[in-house]
Amino acid sequence: MRSPSRLPHETRDSRQRTPKTDMRGLYQRAIKESFVKLHPKIAVRNPVMFIVWVGTIVTFLVTLNPNLFGTVQANINQQRLLNGLITLILFFTVLFANFAEAVAEGRGKAQADSLKATRSDTIAWKVLPNGSLEKIGSTQLRRGDVIKVVANDMIPGDGEVIQGIGSVDESAITGESAPVLKQPGTDIASSVTGGTRLLSDELIIRITADPGQGFIDRMISLVEGAERSKTPNEIALTVLLAVLTQVFLIVVATMPSFVNYIANFISTAFGAEAANSLRAGASIAILISLLVALIPTTIGGLLSAIGIAGMDRVAQFNVIATSGRAVEACGDINSLVLDKTGTITFGNRMADEFIPVNSYTVEDVARIAKLASLFDETPEGKSIVKLAEKYKILADVNLNQAEGVEFSAKTRMSGTNLPNGKQVRKGAVDAIKGFIRSRGGSIPSDVDVAYERVSLLGGTPLAVCQDNEIFGVIYLKDIVKSGLRERFEQLRRMGVKTIMLTGDNHITASVIAQEAGVDDFIAEATPEDKIDVIRNEQSQGKLVAMTGDGTNDAPALAQANVGLAMNSGTQAAKEAANMVDLDSDPTKLIDLVTIGKQLLITRGALTTFSIANDIAKYFAILPTIFGAAGIGALNIMGLKSAQSAIISALIYNALIIPALIPLALQGVKFRSLTADQLLRRNIFIYGLGGIIAPFIAIKLIDVILPFS
C-alpha cells in the first residue's frame, strides 16, 4: 500500500453543523407519539394518568350501554350524551399529558439527531508496524490502532495525538467556529474526538475507543434515553402522587354506598323521586369525573416533561448530562469547588514584570527567565520570552544540545538544562527555594519582599534561578472575570458555599479570593487536594460540584456529586464526570446550579398549583352529586346545572395541561432567594393562584357552554 504525504479526501460526509430544532416537525412527531403512548404498557408507567386512562375506557363503555352498571334513573339519551362528553374530555386529558412528555422527549431526540449528524462513515488510514498505510473503514478501527489523518479529512474516531501539530474544527460538536490546536505532550491538547475535522497539517493518532463506544456514541445513547431512569426526587413525588390517587380512589369507590345510605333516608323523609335524583347524581361517569378532578392530573401529566426538559435546558447550554439525576443534583448542591485559573480568572496569565533580587539587574533576570522558558510552549512561557525580548535579550543556546524540563504538579517548576551543564529553573517560589537549598545555596531576604509585593497585587510570583542562585521574581498578572462577585453573592443567598482551589501562595490566593468574592480558598493546592476537599465537604452532609479536565482530575470528578468535565479534556476526565461541557467553559458550573434549582422549583411550583386546583374542582362537582341532599349551597360558583358543572370542571382539568407545557419546558423564572423566601413566594403565586384560577376558568367555561 502506498504511503502518500497527502491522503485522498475519502470521507462520505460533508461538514455538519448542529441544526436548529424544526418546531413544526417536532410538534407533528409529538402528536403522533401522543397516540403511541396510549398503549397500556406505556400508559401504566404513570400511575396518575393511568387512572384517567382506565376511567376513559369505563366511561366509553357506559356511553355505549348506560345501563352496564345498573339501571339509569335519568333519561337514557341525556345520560349517553353526558357520558360521551365525559369520555371525550378524559381522552383528551390523557392525550395532552402524552403530548407534553412527547414534546420534551422530541427536543432531546432533536439534539441526538444533531449529534448523529457528526458521525460519518469515513475511510481511515491505519499505520502498520512496518510504517506503511492500510486503508480501512472507520468501523474496523480498534482501541490501540494508530492512524494518520491529514488536512481536510474527518477524524474517524476518538483518540490521542502522538505526533504532529494541527488545527481541528470541532464546531460540529461544540458549535464554536474557532479551530482548536491539537498536539502531543499535554492532557488537553492531545485529545481528539471522532466526527471532528482536521483543517491543517498532519496528525498521527492512537485510537482510544472501539466503534460504538466513542464520546459521540455515548452522548447519543444518553440523550436518546427517553426511557431514562427517574431521579430520587422524581420517584418520591411519583409515590406521593400515587398515594394521593389511591386515597381519592378509595373515597370515590365508597361513595355509592354512602349515597345509597343518604338516599334511603331521603326516600323516607321526602319521597322516592328525591332519592332517585340523588342516586342519578352518583352515576359511574360522574364518580369517575369526580375522581379525575380530585387526583393531581396536572402535575401527573407534566412530571416527566419537567424532568426531560431539565436535561434539555442543560443541553441548550451545550452541556451533555449523563442522567436526569445529575441535573437534579445541581439543584441540591451546597458547595462549589472551583479552580482559580480558567474559572475565576482568565486562563492565560501573562508576564508583566521582572523583579531582580540578590543584587542582579532586570536584564539578568530577563536572560535567565528566557533560558528557563525556551521549551515552555504554554501561553505563560511564551509571554515570558516575549517580555524578555523587550530587553533585547538573546538566548545564545543550541537547542539541539539543551534539554527541556517539563512542569509537573509534583515539582511545580520547569526549566532548561543547558549544554554547559548549568541548570536554569522557574516555578513557584517555595519550590525554587527547595531547589536552591538542595544544591547548598542560600535564599536572599529580598526574595520574600518581591514575593509579597506580587502577591498583594493579586498576581502570581514565579522565582527564577540558575543552579544554586535565585536571580529574581517574575510577576504573572492574573485578571478576575467580571461579574463573578455578583454571581457568587447570588449563590450565597441560596445557601451555596464557593471554595477556590489554586496553586498560588496564600497571599495571592487571599487577594484573588477577596476580589472574586468566594467564601473560602485553598492555597498551594495540588490535584490530590481536590478529592480531599470534596470528601471533607461530603462528610458534613453536603453535596459538592466541581470542574476538571485532566487525567489527575478524574478521581475527584468521580467523587463529586456533580462533576463537570471539559470536552477539551482527557478521555479519563470525561468518563469520570456525569456532565461534559462541549464549550469547555468551567464557569458554566455556576449556570448548571441555577438550572438544577430551577428544575426543583418548577416541579414544586406545579405540584402546589395542581393540588390547589382540587379545591375549585371539588366545589364544582360535589354539589352536583349531593344537590338532592340539600347541599346545593356549596355551589358557590353558581354553576348553571349539574351537567354544566361536570363538563366545565373536566374541560378546565384537560386544558390546563397544554396551557402549562411552556412553563414545564422553560421552567419557573429563577430568583436567587433563600429557601424560606422561595417557599413563601411559590405558595403565594402557585398555591393561591392555583385556588383562584380554576374558580374563574370553570365559571367562564360554564357561561360559554350551552347547558341550562
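Just so you know, glycine gets a Cβ as well, placed from its N, Cα and C.
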Residue from Lys390, Lys392, Lys426, Lys433 that Swiss-Prot also lists as binding ATP with Asp376, Glu380, Phe407, Ser408, Ala409, Lys410, Thr411, Arg412, Met413, Ser414: Lys426
Most Cβ pairs under 8 Å with the transmembrane segment (49-69), selected from 84-104, 283-303, 645-665: 283-303
Contact between the transmembrane segment (283-303) and the transmembrane segment (683-703) (3 or more Cβ pairs under 8 Å, separation 6+): no
Positions on the same chain near the transmembrane segment (683-703), where near means CB under 8 A and six or more residues out: 605-606, 608-613, 615-617, 619-620, 637-640, 644-645, 647-649, 651-652, 656
C-beta crowding around Ala409 (ATP binding site), within 10 angstroms: 12
Which of Asp339, Phe407, Met413, Lys426, the listed recorded positions, has fewest other Cβ atoms within 10 Å: Phe407
Those binding-site residues listed as Asp376, Thr411, and which of them has the most Cβ atoms within 10 Å of its own Cβ: Asp376
Rounded Cα-Cα span from Asp339 (active site, 4-aspartylphosphate intermediate) to Asp376 (ATP binding site), Å: 22
Rounded Cα separation (Å) that holds between Asp339 (active site, 4-aspartylphosphate intermediate) and Lys426 (ATP binding site): 22
